[in-house]
Structures are given as C-alpha cells and as structure tokens.
Ligand SMILES: [Zn+2]
C-alpha cells in the first residue's frame, strides 16, 4: 500500500485500520501521529515518524492474528464495495470470539472494502453493505462483576433490602427499591414509562453512552435525547450526570455544534444534479424525511414524500432523529408512527430488544396531544424570560474557538464550527481573553 499523500487518504487509512484496532496492541499509541495529521489545524507533513507508524501498522495487517491461514472447514465471507472507477473486496473468516452476524451495515461504516475500492482523490458515495458486529454481552455475568450491582441483585432476590443502606449509592437504590426486580437472573428496573430497563454495571456504562451517542444511527444527538434513548432501555445511579458529562465532552459535538447565525447561501449542484435539500416533518408525530432533489415542483414533492416514507429507516441520520425521544412529546416519532420502540444497531450489538410489545395507538396519540400542549406553554414561558447566559472563563480553562477561517469552495455545513482546544492565559475584559494553543 502506498503512503497517503493527503489528509483524506490518511483518514481513510485510519478508518480501515479502525476495523482491526482491537487486534493491534498499543494501536492508539502507534497511530497517534497519524491522527494528529488529520486534525483541521494541522498542515499535511509526512514525517519519518508518520512513515514508521504507517509501515508498522501495515506490517500488522499481514501478520497473525489479522492475516491467518484460511480454515476450509468454516465459512468465508466477502466484503465488497465499489466507487466510480474501482471495485474492492476482502475475503474474511469468522473469528471465534467475535460472533459476526450479517445484517444491516451502512456504507460509511464499511471502511474496509471502502479503502480498497477508492483510488486516491475519489470522493464518490459509498455503496451500502450489510454487516453487524455483536458484542456478545452476558448481562448476568457483567452484573456479577460490579460488586454494588451484585449486592443489590442478591438483596432484591432475597427480598431483604436492608443491606442496601451500606452501599455507595444507598439513596438511589432505596428510593427505587420498589421498581427493582430480577428477571432471568438479571437485575432490572421499571422505568418512568413503565418499561423494563436493565441495570447497567459500572464497567459498561461508558460503552452504553458511546453506542447511543456516537454510533452512526445514534447521530450525536443532544444530551437530552441521548439520555432519553438510554433511559428507555437502561438504568444506573447518576446516569443523567454521567450522560451529560459524556455528551458535553464529546469531541465531535464540540466541533460540529451549530452556531447561532444561519448560512443562507444556495447549495452547490451535487453530482446527481440536485440543488435542493428537503426536510419534511409531520406536525403531530414529528416524523421526518430527508433527501435531495433537482426541482421543487408540487408534483415532484408529493412523489418524493410518497416514495420516501417507508425507506427513511435506511438513512442513518434520519433514523437517529426519528428514533430519538422528543422532549415535547415524551415519545420518539418512531414510537408514535409504529407504536413501539424500534431497535437500533446498538440494541442488537448488546442483544437487547427494547420493549417489543406494541402499545395502543389511541393511548399514544392522546398522550402526545397532552404533552405537546404543555410543551407549548413551557416554550412560551421560556421565550418570555429571554435570558442569555454569559460566559466567564478562568486562567487554565480549555476553550474551543469559533472557526472563522473558511476556505474558498468549502461548504460551511461540513466544516468544523469550532477549533481548538486553547488554554485561557488571562482575561483582559469581560469578553476579551488571552489564550494559547493547548
Ligand atoms: Zn457527540
């Protein structure tokens, strides 16, 4: 493989390596100089250190455990992808500990075959392949590993909740004790919607946050939406605070969160000749559909809405939106339309099926109307207050700066809104601060 010559090629290489990272010891340490190269502020300079890292990682690809002799007794799998001018394929075999399942894997995640199907400079769309990686989590064993959860489970099983007083989160367990129960030897809790949620042991809490915020079908949604997605399925002490911290410190969110000013320039003509981006939202359920079109005549628009309604689940971002619980409704658009919580790829990775029983449509609709009415009142109140938070910074604080350096030809929606982090050295006035690169 030739060394990358642009940032994009480095990114694609790292994307492909990411697929194998769990088999490469000290992966992040070895690849750190390559990750640095992909940062927006960093100019592309292929140093000896980068070359060494590149060579070392390439070597790993052609050695055990990544490249091994084929076992003709077990099944082979072929991953393919095609761009405008090349076809790529990877022949693979199941690894015992991985538990692969072929299903629904959006193209952008298929980094592996994608890397081989893209010649340099190619920017074409990636095709859709189907695959999914099960995490093979055994909730029963995992809960045993967390001493506190194990004690609570035993106490609930014995019907003797006196022991809970000794625990770190005694107040939490005590106030929830009537909702706790054990099912198939897994500690569960009946949540605020009356749904059964799994009590997550300490060691898996970060993984859960990751899967329901970072994954492509999770879509880096707001803290509130991430919290609600998780709370529909799981429970643990102080989960709100933990999820809040997780979302606040998410690097992608900090770079990409929208600024207040809106960019009103017309969109560029895409490869398929589309000039319009459409977003249609159902007034009641908030169910949304998205897409691109070359024209916006009434006829075209109606046809597009008709054709799209059932295929939205295939578009990760739209799925993320439709599956996220709306604060104003207390339900996700998918819950209102399909009367149940749709499983996400993350659910399948963790082998859980969130609340499979469909609910009564009329009941949901009634609750939605009620909630929307209340939310409108609340919004009005909030608007009337018209408060704006003032930011204050102290020396030593890390901050992100608004990225005003936009290059000619760059589409603003796709450039990071913030750059950094920078460290505050001192505050000169209320709004003027001196800072340095961190
Ligand atoms: Zn994020």
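The backbone N, Cα and C atoms fix where each Cβ goes, and this holds for glycine too.
Here's what TrEMBL has on this protein:
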- 46-97: domain 'Reverse transcriptase/retrotransposon-derived protein RNase H-like' (DOMAIN)
- 200-258: domain 'Integrase zinc-binding' (DOMAIN)
Secondary structure composition of the domain 'Integrase zinc-binding' (200-258) [DSSP: H/G/I, E/B, coil]: 37 helix, 2 strand, 20 coil
For the domain 'Reverse transcriptase/retrotransposon-derived protein RNase H-like' (46-97), residues assigned helix / strand / coil by DSSP: 14 helix, 14 strand, 24 coil
Overall pLDDT for the domain 'Integrase zinc-binding' (200-258), taken as the rounded mean: 89
